[in-house]
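J.: Let me give you the structure first, and then I'll get to my questions.
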Amino acid sequence: METSASEILLDFPPMFRLYKDGRIERLLGTEIVPPGLDPKTNVESKDVVFSQETAQIVRIYIPPNATGKLPLLVYSHGGGFCIESASSPTYHNYLNALVAEANIVAVSVDYRLAPEHPLPAAYDDSWFAVKWVASHFGGNGPEEWLNRHADFNNVCLSGDSAGANIAHHMAVKMTKEKIDGFNLAGIVLTHPYFWGKEPVGDEIKVPAIREKIDLLWRFSYPTTSGSDDQWINPIDDPSFGSLACSRVLVCVAENDILKHRGLHYCEKLKQSGWGSEVELMESPGEEHVFHLHKPSCENAAAKLKKVADFINQGKA
């Protein structure tokens, strides 16, 4: 018979289990790989602590034979705010491939995870990281790679799933809190983790999945007002269309339940009066974050090229 401490309070496969004693067992996203020279792409990476207070790191990537100023990407990983990290092989491999394809500098942000650090910790960490990156404008920051190679006139924010949610909110926050010398050219939202109390699209057909996503959100943000909280459902936020950029690319996957939120986001952004460019890319026959798990498939290669081209649109 199980002791009370070993009893499962919440089972959320394939991501994690929560036990009654408060212990969390992560089933995915716990593996880590060191930075360094990637033999496949010749992309080089290093880890740098950006917050002494929380000991969080960013992993910085530069392409082979980097010279001069290059477009800068600030990336937030996915995982429902509960799993994964910037040191995960899944994200390390993806950033190596993207940096090589696009010939850019990338900063992959590690933020604190729920439930040990419930939301809004991930948003707070991400904003602190953005400001830390921006401190290199003018070439006087603590990290030489950013001083030497980051083009702060051409910055993109991106992420997948929960990381796409973060990228949206950072772009909104940048309209309220200006950062000198940091020109946000665009954001790339891949399979964004947005939600809402009222179903959109085909969400109404999958009540069990809707209930599971509601539960995940409350798990990561215990003090939330619910699934219409503006952090998870930004559509009704008065600042929704106040993005500090002129271009948005939203990527969705045909067989991903979150696709309908991505489509809804695009339509509402077009109607918001924002008035700038919104692009949509849908990958046929694919599931949520397929490109991370099947990076060599045809649709993943097409998506990688689309994102690389989007980032490079802002080059002078």
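The count begins at 1 with the first shown residue.
Glycine residues also receive a Cβ, built from the backbone N, Cα and C atoms like all the rest.
I grabbed these lines from TrEMBL:
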type: ACT_SITE; residues: Ser161; note: active site
type: DOMAIN; residues: 73-291; note: domain 'Alpha/beta hydrolase fold-3'
J.: Give the mean pLDDT for the domain 'Alpha/beta hydrolase fold-3' (73-291) on the 0 to 100 scale.
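T.: Looking only at the domain 'Alpha/beta hydrolase fold-3' (73-291), pLDDT averages out to 96.
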J.: If one looks at the chain holding Ser161 (active site), which residues at least 6 apart in sequence have a CB under 8 angstroms from its CB?
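T.: Gly78, Gly79, Gly80, Thr190, His191, Pro192, Tyr193, Leu258, His288, Val289 - these are the non-local Cβ neighbours of Ser161 (active site), listed in sequence order.
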